[in-house]
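As recorded in Swiss-Prot:
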type	residues	note
DOMAIN	58-277	domain 'Laminin G-like'
CARBOHYD	N320	N-linked glycosylation site
CARBOHYD	N468	N-linked glycosylation site
CARBOHYD	N497	N-linked glycosylation site
CARBOHYD	N556	N-linked glycosylation site
CARBOHYD	N569	N-linked glycosylation site
REPEAT	313-358	repeat 'EAR 1'
REPEAT	360-408	repeat 'EAR 2'
REPEAT	412-460	repeat 'EAR 3'
REPEAT	464-506	repeat 'EAR 4'
REPEAT	514-570	repeat 'EAR 5'
REPEAT	574-622	repeat 'EAR 6'
REPEAT	625-668	repeat 'EAR 7'
SIGNAL	1-19	signal peptide
Amino acid sequence: MSALLSLCFVLPLAAPGHGTQGWEPCTDLRPLDILAEVVPSDGATSGIRIVQVHGARGLQLSVAAPRTMSFPASRIFSQCDLFPEEFSIVVTLRVPNLPPKRNEYLLTVVAEESDLLLLGLRLSPAQLHFLFLREDTAGAWQTRVSFRSPALVDGRWHTLVLAVSAGVFSLTTDCGLPVDIMADVPFPATLSVKGARFFVGSRRRAKGLFMGLVRQLVLLPGSDATPRLCPSRNAPLAVLSIPRVLQALTGKPEDNEVLKYPYETNIRVTLGPQPPCTEVEDAQFWFDASRKGLYLCVGNEWVSVLAAKERLDYVEEHQNLSTNSETLGIEVFRIPQVGLFVATANRKATSAVYKWTEEKFVSYQNIPTHQAQAWRHFTIGKKIFLAVANFEPDEKGQEFSVIYKWSHRKLKFTPYQSIATHSARDWEAFEVDGEHFLAVANHREGDNHNIDSVIYKWNPATRLFEANQTIATSGAYDWEFFSVGPYSFLVVANTFNGTSTKVHSHLYIRLLGSFQLFQSFPTFGAADWEVFQIGERIFLAVANSHSYDVEMQVQNDSYVINSVIYELNVTAQAFVKFQDILTCSALDWEFFSVGEDYFLVVANSFDGRTFSVNSIIYRWQGYEGFVAVHSLPTVGCRDWEAFSTTAGAYLIYSSAKEPLSRVLRLRTR
């Protein structure tokens, strides 16, 4: 498995002829400004406009004229027709948003006659793809190297350096640490560009046109451009070469217009709640007093120009939420056009749904359950569901967990489907390639903890979930689904095998239509997994609750043990231990962010003597890892959820020892 790489082969394609001579410098070994080739120095080209955002100027392309931004490859490949085997491409771009499943081309080299894509750089919401044509005796194949890059689609400027050397592909973003990929298929040594054409921001047609801003697009033959750019005081706007028209101020004053200094320019600033941002408000400012931020209307979107950075200052109690009984799990979710809700999984015969009203949760609906352990909210198309994991059998002695469906007419959840489970602890809902799944964590059947947990698949024909795959588990407590690039993973928290809590929890990867074992972790009464991402780094945290073996005498300190954070190591193709954190019978991790800071809060439930133990908030400190910053008094803490409203950010936790859940407000400064 290569977490950040997918190599895709398509059916053999007819390829243009290529030279048979050895490689020689077909271009000058200097930075070749691709943008300057298509934009005159005065900027007078139809089909593009110059836009300034965050103090920097970029080009915005028009759907009407993709061919305008193109030129023949022979213009820069003057000596021969071979693309260099070693090179780097530098791009400075701004992408405000990108709809799901949309792909936009930053650069392509296309054979004029056959319309073959010889080389391309393509952006999707979560990945940057480098495409090239590879030939052998069987024909020609298009190959794709994909880098995970969700941080690019944030409305800010970023400078990327893609360096290629045979089978090694490297991507550096904003002078950060490079992401290297060792590909099975190297870049070809003899890629002919005879009769080809460079296209900026498109693949020769309107479909896939790059709709963001591009400021820099440079090809550097023969070497990696990173040392020329980095380090930089302003890494997102590091410059190797940009067109003159983007360096100087654009536009000329009218004959009767007097040039003003910037501080004398008349601008319109709107105060109050967020106003509309349309063509009418284009280039106007809005000051948000509540967030202390200044925003500029650009292309139907308010772009932050100046904003105070939020930092977590302290945590204060906001609401004591009385529940029907002790609460074993909580689920916060939103229903469009209806509001924000929290579902509580209560120990006794009734669980509840609460609605956020006037800055607090109020009772909305009671639902009969049987020692409910967890709720899971999910959607399929326009359908909204809520699944409960029941731990005990019903009045007839039958064990069922129930899926409820939201009624848009009644504005309530109504029973939809019952599924036979065995002391269910958790549901996990996920989607893979457009198909919907539910995984149940079956904890035990009678006294037997070594039983199968089940993955169910939605059948669009019957509109029901049907058993799709069984996985052997040992006292399963939690499932967690996540994706890395094109790969889908499912990790289970195994708690007890009948004799010991020292059992392995397993990570599964989906291959050929089913989940297969990928990696095993030594765990101690594992109760929860939490996956999260910081920048390009992917982490997996396990909550260890108890170190116990039937052959050993119970000790109080067996609850005070390390929980572990693992980090994905792409080279090793595995998660490796990143940090140990001492916890007290930890039952849950919750990851959240405030401004530019990242946090983890742990649900500490028992220290061997008392259930009144502090749960801890940890802040990400870079190379130091997570460091404790806040201590929160809790009683039998079982579950944490983070959520936000227009009024601010909050945490809510459930107690397994008292009929009270608490809502905490995160105060920022």
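For all residues, glycine too, the Cβ spot is worked out from N, Cα and C.
Note that this is a predicted model, so its numbers are computed, not measured.
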Practice prompt. Average the per-residue pLDDT over the repeat 'EAR 5' (514-570) and send me the rounded value.
Written response: 92
Fill in: Which of 464-506, 514-570, 574-622, 625-668 contacts the repeat 'EAR 1' (313-358) most, counting Cβ pairs under 8 Å
625-668
Worksheet item: Under a criterion of Cβ-Cβ distance under 8 Å and sequence separation of at least 6, what residues of the same chain contact N569 (N-linked glycosylation site)?
Response: F575, V576
Worksheet item: Against which stretches of its own chain does the repeat 'EAR 7' (625-668) lie, if we need a Cβ under 8 Å and a gap of at least six residues from its ends?
Response: 310-332, 340, 342, 344-347, 356, 359-361, 374, 565, 578-579, 581, 587-592, 594-595, 599-606, 611-619
Practice prompt. Return the residue, from the listed glycosylation sites N320, N468, N497, with the maximum count of other C-beta atoms within 10 angstroms of its C-beta.
Written response: N468
Worksheet item: Where does N569 (N-linked glycosylation site) sit by DSSP, helix, strand or coil?
Response: strand
Response to the item:
Whole-Å Cα distance, N497 (N-linked glycosylation site) to N320 (N-linked glycosylation site), is 37
Worksheet item: How long is the line from the C-alpha of N468 (N-linked glycosylation site) to the C-alpha of N320 (N-linked glycosylation site), rounded to the nearest angstrom?
Response: 41
Worksheet entry | Mapped DSSP class for N320 (N-linked glycosylation site), helix or strand or coil | strand
Worksheet entry | Where N497 (N-linked glycosylation site) sits in the secondary structure, as DSSP reduces it to three classes | coil
